[in-house]
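J.: Pasting in a structure now, in structure tokens, and then I'll have a few things to ask.
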Amino acid sequence: MANNVEGFNFEQRHGKARVRVARVWRNKSDNIHSMVEWNVSISLLSDCVNSYVRDDNSDIVATDTMKNTVYVKAKECSEQLSAENFAILLARHFTSFYKQVTTAIVKIVEKPWERVHVNGQPHDHGFKLGSEKHTAEVTVQKSGVLKLTSGIEGLSVLKTTKSGFEGFIRDQYTALPETRERMLATEVTALWRQVYSYESVSSIPRNPLYFTERYLDVKKSLANTFFGPPKEGVYSASVQGTLFQMAKAVLNRFPDISSIQLKMPNIHFLPVNISSNENTIVKFNDDVFLPTDEPHGSIEASLSRFWSKM
């Protein structure tokens with residue numbers, strides 16, 4: 001919301017970024033431990049214009065206080081909960097506790113610690129670091145109106161066949177040969193918006209791990225669509241076509257997701273052919289490749305239901 005300041009429209013926000021917090025829960029009944037590591041960023045829209053124009057800081061929530069609040073609220077969480085639920089908890093606190101704050105935006109990136117298995121058994125307190133990250137961003141207004149987006153960062157997937165690219169525009173600048181046999185690799189970034197029924201804080205699911213379970217289900221749906229059945233796979237005519245099928249699979253399976261955005265750079269594996277004037281040193285036979293991610297193709301799109309507010 002813009003303020004009229006000395007004849008100008010003035011908008012401002014302030015917050016605390018990259019607050020790292022880890023939380024461990026110890027189940028006393030079976031001595032099994034659970035843990036998360038979150039990177040939390042907070043941004044507050046508040047009535048503190050005087051701090052900018054009159055050197056009056058009396059309406060500012062100090063960013064150091066925001067940092068401390070993250071640790072206090074983590075301590076108060078006696079039960080394991082999702083990144084989304086923790087973000088909502090923080091945002092509700094800032095909008096209800098401080099009269100000056102009209103809107104709180106909280107983004108969390110969860111580090112992918114995964115429970116290890118030893119001799120086929122899940123370890124009670126051992127974890128290893130995975131790859132892709134679970135993200136969550138919530139915007140909560142003082143009225144209780146909620147906007148919630150979940151996501152995945154760094155989901156790296158690759159298949160060694162069942163991919164091609166042909167029939168594209170050819171002109172005087174085109175050197176790329178057409179093919180029906182190539183490797184396909186990408187690093188998926190996905191963002192999905194929850195359905196309108198969650199537009200109020202009071203209407204979110206009661207299960208504190210609901211959004212964690214939904215994150216795992218969406219990740220599985222994206223990966224399964226990319227790879228296809230385990231024996232025969234599925235042919236990809238382009239990254240664009242695969243992206244659309246992945247997005248459609250998520251919306252078809254999860255009616256409470258209103259929209260999804262996917263970014264899928266085309267990470268290239270280039271055929272290796274080496275020759276000299278005298279002879280062929282390496283002849284490519286769908287076997288030796290040069291992996292490179294610079295430069296790479298950049299493909300992104302969003303898919304939403306007609307009534308979605310994405």
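Cβ from N, Cα, C; glycine included.
Just so you know, TrEMBL annotations never went through curation; they're auto-generated.
The active site, charge relay system annotation in TrEMBL covers LYS16, THR63, HIS268. According to TrEMBL, the feature O2 binding site maps to THR63, ASN266. TrEMBL lists THR63, ASP64, PHE165, ARG182, VAL239, GLN240, ASN266 with the feature 5-hydroxyisourate binding site. The urate binding site annotation in TrEMBL covers THR63, ASP64, PHE165, ARG182, VAL239, GLN240, ASN266.
Surface or core, plus neighbours and distances: that's what I need for these features.
T.: Around the Cβ of LYS16 (active site, charge relay system), the number of neighbouring Cβ atoms within 10 Å comes to 20.
Listed in sequence order, HIS14, GLY15, LYS16 are the same-chain residues six or more apart from THR63 (active site, charge relay system) with CB atoms under 8 A from its CB.
The Cβ neighbour count for ASP64 (5-hydroxyisourate binding site), using a 10 Å radius and every protein chain shown, is 9.
Taking a C-beta cut-off of under 8 angstroms and a sequence separation of 6 or more, HIS268 (active site, charge relay system) has the following same-chain neighbours: ALA185, PRO291, THR292, ASP293, HIS296, GLY297.
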J.: In Å, rounded, how far does the Cα of ASP64 (5-hydroxyisourate binding site) sit from the Cα of ASN266 (O2 binding site)?
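T.: Approximately 41 Å lies between the Cα of ASP64 (5-hydroxyisourate binding site) and that of ASN266 (O2 binding site).
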J.: If you measure ASN266 (O2 binding site) to GLN240 (5-hydroxyisourate binding site) at Cα, how many Å is it?
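T.: One finds 10 Å between the Cα atoms of these residues.
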